Amino acid sequence: MSSSRPSSPAQVLPLTEKPASASYSLHPAFYIGAWIFFSNSTILFNKWLLDTAGFSRFPWLSVILTCWHLVFATVATQILARTTTLLDNRHQVKMTGRTYLRAVVPIGLLYSGSLVCSNLVYMYLSVAFIQMLKAGAPVAVLFASWAFGVADPDLNTLYNILFIVAGVALASLGEIEFSIVGFMFQIAGIVFEAVRLVMIQVLLKGDESAQKMDPLVSLYYYAPVCAVTNFFVAAIAEFHRFEYADFEKTGFMILILNASVAFGLNVASVFLIGKTSSLVMTLTGILKNILLIGVSVLIWNTSVSAMQCFGYLLALFGLVIYSTGLDQLKTHAANTWIWARNAATQGGDDGRLSPLVRRTLVIAVVAFVFVALVMGYMYGGSRDFLVAGAAAAQDGAGGQ
């Protein structure tokens, strides 16, 4: 027994082996950045493809583009299911024929309608205005939840969403190049998506395994249905208009890249939800949309009116209240004030930024982008602003 005491240092071996066995995980900020990148890249890519490239010859060719995305997603999810572990959660879903017909098919049809409308709208509205209209999506989801009995009407919630409704209305009134057709397509896409989200809760009620499908597993089941649906729609509305010259003008590799970016968005969504929460995704979406509006001003010389800036800011304020709650928002504001008051005397000793400081920096970035939007309004689009600056730098020589 005494010989066992000298061997006691061996007991520290599990402690030295434990860090090696721990799985490496990236910082959540990486997944947030990846989601913002793929989401905005998909929107900008689709806008360019439908507004500038070969698919812009006929607006209805957007249905063919949507069908192509879904065919690519069907093939990609099948490959990932057989070669990776990203779709292993599908084994936890008890997908019977009855569940497929009563849940997957109708939800897939709504998803298809949402995608088609979301692509069609790029033919009529600017990216900036589309993102402003999308701020009203939570309102549609809330009303759909009340209509299907998923949630009980609440007066306080109704008051909160009035900010969103008022902001979207002001942004619409301030739109310089307003299109009623594009506006209706965007509203239809929002309604399709809202009803789809609510029907997932209604049709899959009682089947907790199916309700817990992540976006990639959902795409695994929905993509084939959506692809077939869009194929028949495109066969009726677009195939007789489509010419090989349209495909040749765009290029096969461009279409492959476009579908890959759209599919990458679904993969990024899976990791973002797994590493953070739905609330973080909602609030991150606000920053994403503001950045997208700024990029739209830079690329397409989009003019943003003062009324649009104010309306969108009001809608974002309502969305933050709706997502976090007024009480929690007051708490964050109070904590921010306390930090600002004591920042001069309580510096960070460890050299790391606190979560509150990081949130403050994010708010500063948002404010900077908003100022950029106002400047875009003042100069009638950033292209004019950049041209004026270049002309001044060259002493008036060689302007555009």
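A Cβ is built for glycine as well, from the same backbone N, Cα and C atoms used for every other residue.
Automated prediction, rather than curation, is the source of TrEMBL annotations.
Owing to the predicted nature of the structure, the values given are computational and were not obtained by experimental measurement.
Going by TrEMBL, these are the annotated features:
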DOMAIN    29-323  domain 'Sugar phosphate transporter'
TRANSMEM  28-46  transmembrane segment
TRANSMEM  58-80  transmembrane segment
TRANSMEM  100-125  transmembrane segment
TRANSMEM  132-151  transmembrane segment
TRANSMEM  157-173  transmembrane segment
TRANSMEM  180-199  transmembrane segment
TRANSMEM  219-239  transmembrane segment
TRANSMEM  251-273  transmembrane segment
TRANSMEM  279-300  transmembrane segment
TRANSMEM  309-326  transmembrane segment
TRANSMEM  361-379  transmembrane segment
Best-packed against the transmembrane segment (180-199), counting Cβ pairs under 8 Å over 58-80, 132-151, 157-173, 219-239, 309-326, is stretch 132-151
Proximity verdict for the transmembrane segment (251-273) and the transmembrane segment (58-80), three or more C-beta pairs under 8 Å = yes
Is it the case that the transmembrane segment (132-151) and the transmembrane segment (58-80) have 3 or more CB pairs under 8 Å, with pairs at least 6 apart in sequence? no
Q | Contact between the transmembrane segment (219-239) and the transmembrane segment (58-80) (at least 3 Cβ pairs under 8 Å, separation 6+) | A | yes
Within the same chain, the residues 6 or more beyond the ends of the transmembrane segment (100-125) and with Cβ under 8 Å of it are 46-47, 50-51, 56, 59-60, 62-63, 65-66, 69-70, 133, 175, 177, 179, 181-183, 185-186, 188-189, 192-193, 195-196, 199-200, 203-204, 210, 221-222, 225-226, 229-230, 233
